[in-house]
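Written below as structure tokens is the structure these notes are about.
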Amino acid sequence: MALPSLLLVVAALAGGVRPPGARNLTLAVVLPEHNLSYAWAWPRVGPAVALAVEALGRALPVDLRFVSSELDGACSEYLAPLRAVDLKLYHDPDLLLGPGCVYPAASVARFASHWHLPLLTAGAVASGFAAKNEHYRTLVRTGPSAPKLGEFVVTLHGHFNWTARAALLYLDARTDDRPHYFTIEGVFEALQGSNLSVQHQVYTREPGGPEQATHFIRANGRIVYICGPLEMLHEILLQAQRENLTNGDYVFFYLDVFGESLRAGPTRATGRPWQDNRTQEQAQALREAFQTVLVITYREPPNPEYQEFQNRLLIRAREDFGVELAPSLMNLIAGCFYDGILLYAQVLNETIQEGGTREDGLRIVEKMQGRRYHGVTGLVVMDKNNDRETDFVLWAMGDLESGDFQPAAHYSGAEKQIWWTGRPIPWVKGAPPLDNPPCAFDLDDPSCDKTPLSTLAIVALGTGITFIMFGVSSFLIFRKLMLEKELASMLWRIRWEELQFGNSDRYHKGAGSRLTLSLRGSSYGSLMTAHGKYQIFANTGHFKGNVVAIKHVNKKRIELTRQVLFELKHMRDVQFNHLTRFIGACIDPPNICIVTEYCPRGSLQDILENDSINLDWMFRYSLINDLVKGMAFLHNSIISSHGSLKSSNCVVDSRFVLKITDYGLASFRSTAEPDDSHALYAKKLWTAPELLSGNPLPTTGMQKADVYSFAIILQEIALRSGPFYLEGLDLSPKEIVQKVRNGQRPYFRPSIDRTQLNEELVLLMERCWAQDPTERPDFGQIKGFIRRFNKEGGTSILDNLLLRMEQYANNLEKLVEERTQAYLEEKRKAEALLYQILPHSVAEQLKRGETVQAEAFDSVTIYFSDIVGFTALSAESTPMQVVTLLNDLYTCFDAIIDNFDVYKVETIGDAYMVVSGLPGRNGQRHAPEIARMALALLDAVSSFRIRHRPHDQLRLRIGVHTGPVCAGVVGLKMPRYCLFGDTVNTASRMESNGQALKIHVSSTTKDALDELGCFQLELRGDVEMKGKGKMRTYWLLGERKGPPGLL
């Protein structure tokens, strides 16, 4: 059920009044009112609370109202708990919001825990809150916290292999809320918990402070963390520059979580924290020193919802609170409060649905643990302690010319992983410094003895170095000669005569791997090739007795330059299980082609588009794993990148191992399609936006483009709806490519059904097709990512292969069963159609393969009827109206004759022919059966209405005759069961010489009916019949309800 109608009252410390009798959801705020230097100040957070309340009002039937009063003492550890008690006594709130300052948060959190009252804050960053013991059981931190910063730092140390020591410097005035102390505390505890030697010192602003800092750094660590105002960092770096500590042996991490140093200020530009109002010499020294500085900040959410939220936040702050806020990372805290309120409402709703109440604070808080949901600040992940996982950014001087700081890495707290942007960190010595170099700190080590070497030792050392240099030179010369020999031998070359074509059944039945370009299942139909076909096939041949795949190159000749020779050598050298093996190339004009390993299962695109193949997620993850392994190897090889990765370039061998093909040999590649062809745009559906736009690429540009292509393939595998599936949109490949190329927010990407897919898989897709190539992970990171959430992927290679083969066998068995059922269904339909065309006995003879002989019948009764005035009626009606009329009439007739022992022979226009007494003989019952049927049809016609002429009466004329006939099947194409003999002609004359709405019968039929004595007949007289002369005929008037006769 939904929440009941609620009144949300924001009671700010004192003065709020709960309306009598109202069922209120009361939210109490304990935040500072005026000090905007706090990110959690009420003028910053208040607009976010108002926006959250409005969002709740749209989602739930809520009656909302604010009650506010003066806010003071919210960052005082003495006044804040008193205000909290007042709030509890006077307003009995359901949720406390704040405080953000650490010391008052500790006091208020203890009270809240005692009251079992949820306390939600996006501040209170201290590590002491991480252990939610009995003092802080109801504290929920939906914003960043110092322990999460520590986790990021530990991950950084692991990446750079810093395992020994670190030094921490921070400012701690002890007269404020100690923000620098509590921020660096998380780093200290995390590093200490990782068994590092961590020393820390408080920076003093008194004279000699910078010298004391550099002395502390020299003595305690090469990896230095500094937390304090930017002026403090400048002072330390200037002194470090003077003492040559910025020579690359040290690295300085500046903990500026809100990124204030990167924002533009009175004396500095955006992204230039080294700029300051100093002398030119000091400014140059600072700029050089900052090359050794890495800045750590929170990560601004990249999702469009956050940008929209921030814009609305600034407007509401100006209109409702009279303050001008600037776009900055401080607004992230307001967004965290917003997401926290919505999280509380969601969990409260669930609690009430489960039979709980708003007063059950502990239960509500416990349900928040481990939550994952998407808020305005992106993906919100709460850990088991109800602390939010936090994302960070590592900034470095990415442009040495301008000195601009740029993101070097992003850290995902939810994934515990660093995603490197591809921008290299400008290490002064080209590599990260060592955290514990030999003899830097442990001077007691005997190996650190710096006694000068003797003359004999120097001579021996020089001789040894000379021999080593001579050996290395000889080896390099030998290797150079062997390389030239290998290039000249052209081991890759295949003569056209060596390739065998023709009847492939002799070697390999079914050769011809289907490398489809069909886009069946997508929203824009099938891709047609230049030849008008819906798929293209991989050409195959035979080389040295083995089936090989042959890719023809649309070039007249290949110039064997040194570059081309090296490309071909590299293709032979690259060997890996998940890359198709390069066998060789033919350069004999006009038969220029590339010869590679043949994979008989076809392409990945074939498999995904084949609905008869059931792919469970174990199988899909196995294919994804193969693809990632292949691309990781390719990116680390001499070839470096693929450049044209798509599902049709991923093939599957006989053991269901996915292999990547069509890589390398850039000199052989060519585009045969015209620039505006449909096929060309369809191939570009996997192409990264930076390649489509044609902008210059960074060093790793093609590798990051491959990652984008991998994301599109990942979406294909996940949804099996074709590349770039767009739910509800019908766009051509050209339109899709143009939208991707434009690069406008929100970026145009395929549709994803988050409810059906693993959330981590969706996140991986989104990271891989990020607009900024630097934000995409590399395949090494992707491999680790997939290994984590593919729990079943740890089986052995043999087990994996057996599972794949078993699934393939199951698919085949299911396919055979489906095809059998389809065959039986089609057989049933064919037999039903045959029984409608021919009599059942005749159809059975044909099914048994027997010849149907013509058969004579001594006595049958034939019925003929047509519509009087049908020609005139047809002339006055449209063809569709005539068809509708006949269909309605004969549907009515067919339903009636099913009640009698008769057989419908045929209908020709408005003529209707029925017989009784054949093909199944029924003795003397044929005449009364036809008579009763004729009376029933005549009765039906009297009430029949013509749709387009409802006031007209349909006039049916009926003729009946009894006599001998011969019946048989005539013709091979569309065979018909026909009647022959004078009886047929006479019956037709009886109908044509009859009258409308009357049944005209012959004397023979009258004699047959008289034997029963229950039919009323009236003599018509002698009637002149064409070709028959005069015949005595009768009108059948009806059937008497007397005692039954023989029938």
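Keep in mind that glycine also has a Cβ here, set from the backbone N, Cα and C atoms.
What Swiss-Prot records as phosphoserine, among SER194, SER261, SER526, SER992, is residue SER526. THR516 is the residue among THR214, THR516, THR851, THR1004 that Swiss-Prot describes as phosphothreonine. According to Swiss-Prot, the listed position annotated as phosphoserine out of SER145, SER402, SER513 is SER513. Here ASN277 (N-linked glycosylation site) is positioned 33 angstrom away from CYS75 (disulfide bond), judged by their C-alpha atoms. Looking just at the topological domain 'Extracellular' (17-458), the mean pLDDT is 88.
In terms of DSSP helix, strand and coil, the domain 'Guanylate cyclase' (861-991) has 53 helix, 39 strand, 39 coil. When the recorded positions ASN35, CYS101, ASN161, ASN195 are ranked by how far their Cα is from the Cα of ASN277 (N-linked glycosylation site), ASN35 comes first. Ranking the disulfide-bonded residues CYS75, CYS101 by C-beta neighbours within 10 Å puts CYS101 at the top.
Ranking the recorded positions ASN35, CYS101, ASN161, ASN195, ASN244 by the distance of their Cα atoms from the Cα of ASN349 (N-linked glycosylation site) places CYS101 first. Cβ neighbour count for ASN244 (N-linked glycosylation site) (all protein chains, 10 Å cutoff from its Cβ): 9. A gap of 13 Å separates the Cα atoms of ASN161 (N-linked glycosylation site) and ASN195 (N-linked glycosylation site).
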